[in-house]
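Under the heading compositional bias 'Low complexity', TrEMBL lists 633-651, 673-683. The annotation domain 'Calponin-homology (CH)' is assigned in TrEMBL to 122-239, 267-370, 392-498, 514-622. Under the heading region 'Disordered', TrEMBL lists 628-666, 673-692.
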Amino acid sequence: MSKFEGVIVSDQWLHSQFTQVELRSLKSKFVSLKNQNGKVTYGDLPPLMVKLKEFRDTYNEDEIRVIFGESDANVTNDVDFEAFLRAYLNLQSQAIVKQGGRRHSSSFLKDSVTTLLHTISDSEQACYVAHINSYLGDDPFLNQFLPLDPSTNDLFDLAKDGVLLCKLINVAVPGTIDERAINAKQNLSLWQKNDNHNLCLNSAKAIGCTVVNIGAQDLLEGRPHLVLGLISQIIKIQLLADLNLKKTPQLVELVDDSQEIEELLSMSPEKVLLKWMNFHLQRGGYQKTVKNFSSDVKDGEAYAYLLNVLAPEHSSPATLDTKEPYERANLVLDHAERMGCKRYLSARDITEGSSNLNLAFVAQLFHHRSGLSTDTKKVSFATMMTDDVQTSREERCFRLWINSLGISTYVYNVFEDVRNGWILLEVLDKIFPGSVNWKHATKPPIRMPFRKVENCNQVVKVGKQLRFSLVNVAGNDIVQGNKKLILGTLLWQLMRFTMLQMLKNLRLHSQGKEISDADILKWANRKVKSTGRTSHIESFKDKSLSNGLFFLELLSAVEPRVVNWNLVTKGEKDDEKRLNATYIISVARKLGCSIFLLPDDIMEVNQKMILTLTASIMYWSLQQQTEDTDSFPSPGGTATTTTPEASPAPSVCGEDESSSSIGGEFSNICVDDATSDTTVSSSEGVLVGDEL
């Protein structure tokens, strides 16, 4: 159903150092270096290496030539692909040394799943296995394989067919995946497993995981560090899901006034958990402030005070009286077990300061007994401060899209996190490499307000160079947190422009034509009509889209086997529409589309989200047509966008080392956000906007 291909490297150790996404990207770049004789030499490598994001801030071209000269006396020697990979790894290791040893955090959410960290903690593996055994032990399909033994490779073997990971995502965020779309049976074919992994990876991004540089084949191979990296993110999202005012308005008890409530709204779940812990520690008489889940909790003393406040009926004086940290840690775990918390970590995990496991332990305590009051006056005030449903859904969509790009900063709240301009500059530079002048940008934390304005002014400047509609928009509007401007104008234009540019890149070699919203509409109608069906939509606001049948027919048109029509309803009632909408999203992700909308967006015909869904399906379809003939960058310096294997959808741009001229490649594209509808009558080369 979906294409399955990989880059084969004969040296198994060398193969294990890269994901398939990385191998395909590096293979593409290597092939682009070949001369007329089909050869690549060591002398050809420095100009390429210096453009790669891993090295461009560390080395110049001459320094790389010196390094390669030391490793190979004759720079005219031919280089094969595996020698190129070894040269890449050698340069990477020297870059890490030159930078003073890069620190690879194992934080659940802030880091992408990559191959940079190959060490696997036995304790973390045991914790995740225990979590899976607990939450999926009753699953009708998985119960035949559970419980897993953490001391074996059972977890990685079971993860190879994709069912376990899809089910775990649904535990973390119920309803994310329509289980009817999962290929759940024994002895799955290679293609069925691949479809499950596409569904898993695109759904993981849709709940907030960062899965840059990991593809379906990496999961098929069961690479332990990648499987555990993904599982750890999914589990943390589950554990921290309620640590916000929307889900738990009782958290308002942690603050005293409206200004502090606004700060609480912008906090990451991890910081909210720390604030909750310190709130109770202060009540219990603990004199210190816990600032992390590693060194500050290693002696177990903070846990003893916390549990005495939360569950005094199970407390024991011996916990605080003992002077030995390991013994105290055991007593803390006994106390937690008596109050109903399952023992997922050991006393050694506490004393060694395992940040991931300690965070999971505190989150578990919060779920079992938050110790917060139900002051109705405060709770109702907190509820009033949350956004309306439509704004919340759009904020969620753009937040997840930004995080899927793999920028260095993780976004927890769009409205608050973008106000200093830094994240928007990162997004612009990721999508349009070279567009940002980093010498004129200030990295957070930013104490001087005018520096935030400077960052946001540059965002507006670059946006105008890209011909975005930003009339009467100034940097200070972003600093002030203007929600309509941030969501409806800036981020929407960024996301749509990215989609349309990627579609254009796919069609450069065949039609050489700009892509507009109207082109996507025409394509969708033509595709459905080509199958002999009569469904037709007039615009992306067409109310007939609410029943989902048009999208199911479109998906079936691009891949006849993907839709099981026995599962499709008539879409006449709301519950039938929801079933269809949920199925549409899962089927699209199963194909390989990276989308962030919700079933409600289809049912209510949210034209922005409808456009992104249609464009994603179009991108996947066009990619299948061009993948074999357009595998490598075109000669002549045309700026193209490489999309990661795990994300063949127009929501993620690829490598950021290919520089594009703002005044050239993009100058003939204009976005008119005053136009209310997208119809089939738009001018070629003009992107017709949506009513905001």
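Residue positions begin at 1 at the first shown residue.
Backbone N, Cα and C define each Cβ position, glycine as well.
Keep in mind that this is a model prediction, so the values were computed, not measured.
Averaged across the domain 'Calponin-homology (CH)' (392-498), pLDDT for the predicted model comes to 92. Count of Cβ pairs under 8 Å against the domain 'Calponin-homology (CH)' (122-239): among 267-370, 392-498, 514-622, the largest is for 514-622.
Shown for the domain 'Calponin-homology (CH)' (122-239): DSSP residue counts in helix, strand and coil, namely 75 helix, 0 strand, 43 coil.
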